[in-house]
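K.L.:
Please find one structure pasted underneath; my questions will follow.
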Amino acid sequence: MTAAGPGAAPSPGRCDSDPASPGAQSPKDDNEDNSNDGTHPCKRRRMGSGDSSRSCETSSQDLSFSYYPAENLIEYKWPPDETGEYYMLQEQVSEYLGVTSFKRKYPDLERRDLSHKEKLYLRELNVITETQCTLGLTALRSDEVIDLMIKEYPAKHAEYSVILQEKERQRITDHYKEYSQMQQQSTQKVEASKVPEYIKKAAKKAAEFNSNLNRERMEERRAYFDLQTHVIQVPQGKYKVLPTDRTKVSSYPVALIPGQFQEYYKRYSPDELRYLPLNTALYEPPLDPELPALDSDGDSDDGEDGGGDEKRKNKGTSDSSSGNVSEGDSPPDSQEDTFHGRQKSKDKMATPRKDGSKRSVLSKSAPGYKPKVIPNALCGICLKGKESNKKGKAESLIHCSQCDNSGHPSCLDMTMELVSMIKTYPWQCMECKTCIICGQPHHEEEMMFCDVCDRGYHTFCVGLGAIPSGRWICDCCQRAPPTPRKVGRRGKNSKEG
């Protein structure tokens, strides 16, 4: 077998059917094979180690030919006013990064087509040529392009950052030159006749600036952060100023040692003093509402006795003491002693668990009270007037003192004695019923009613743990004489049964 010439010998990895040599392939054909547009058929085959070295040399030559400098990558603002945003041309970005099909590789980037006005604007800035004005150009957001270069092309981003720094340095230099030129022009002498006018204009501008600054401080920047103390300072609110005699400090404003006299001390009401151990306490400590009573019937009987005695003997004094409680401050010390002395003999048998004055005021019948009169009222149960009740008989209606509800006593299952008692005080219906002691309508499940006057009481307001079974009468409806109780026997009944 004869040896062929050096040009006729086939290479080890070359296909016999392919007349063209891979090493002799032109750069243009190589670019067509590497492109992803799909317009030309791609000829690919397995290469040996010798062909791989040749392909690397070819790719390096292509990159050297297609190098795009970072100075040509332009960032512009559109629209050029204050509302504009910064963009880059996709064609320039793809050439700078060396990506042939940029849209296919990064489809998630926000892009838009350039308008005709935008192309003319870029043509004036010498960003594009006249030929490119007729082509379809695409704009990308500059912040997304910068993020892409930071993540995937750090070397390209570093090169582009150097160019940006040089441009910023050049801009500052140009600005300084303009400022120096303006300073040289301003060194010219100003006419003396125009100096007062310039002074007035300067004063007017300063006044406008100060007024705007103060207005912003009062409206927009009232609070500020103190850097030294790390405290947010807020303007102090407006307060009413008391006269000087009301704020004058006394000779003994505060006690320096325990037991020393001072001007500031708590003033107790007469009812509060009855619970305090001043030689002898008049009242037992009030029962805890959460603890069950030992004998609810006995306690209610004792309370009724005390209430009856209070109703007969202590009408005037209870009114006066309730006035002191509502005012919140007791009389002076000398008047307190005399007032306490008068009350001492009259209030010994009053109800021990709550304020006797407050209960007597709320539970007593108002003198000269006249019930409400509603001429055309209807019963809320049978929906009939006073001419006929549910039994077809004429019967007068009773009316709630707080709302417009009315009803026949027979429809409400009330006796004649109860109706006569209701007409002596401001009666309340079931919807408006409040506790006589605390005056609150809450805790309906713990509210009970007197069988004589239909007044409402909370169980915890009268010292009961639960609603007693059977007949229950409040303190103000008791008729039996009161039974005295000793202070030492707390929680026990004084009478048997």
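Backbone N, Cα and C atoms are what each Cβ position is placed from, and that goes for glycine too.
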K.L.:
Which residue does Swiss-Prot record as phosphoserine, given the choices Ser60, Ser180, Ser296?
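P.N.:
Annotation hit in Swiss-Prot: Ser296.
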K.L.:
Quick check on the record annotations: which of Ser26, Ser330 is tagged phosphoserine by Swiss-Prot?
P.N.:
Ser330
K.L.:
Among Ser300, Ser318, which is the one flagged in Swiss-Prot as phosphoserine?
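P.N.:
Candidates were Ser300, Ser318; Swiss-Prot attaches phosphoserine to Ser300.
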K.L.:
Look through Ser53, Ser115, Ser326, Ser345 and state which residue has the annotation phosphoserine in Swiss-Prot.
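P.N.:
The candidate carrying the phosphoserine note in Swiss-Prot is Ser326.
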K.L.:
Tell me the Cα distance separating Ser269 (phosphoserine) from Lys240 (SUMO2 cross-link), rounded to the nearest angstrom.
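P.N.:
Cα-Cα distance, Lys240 (SUMO2 cross-link) to Ser269 (phosphoserine): 30 Å.
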K.L.:
What mean pLDDT does the predicted model reach across the region 'SAY' (88-294)?
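P.N.:
Here the predicted model's pLDDT, averaged over the region 'SAY' (88-294), is 86.
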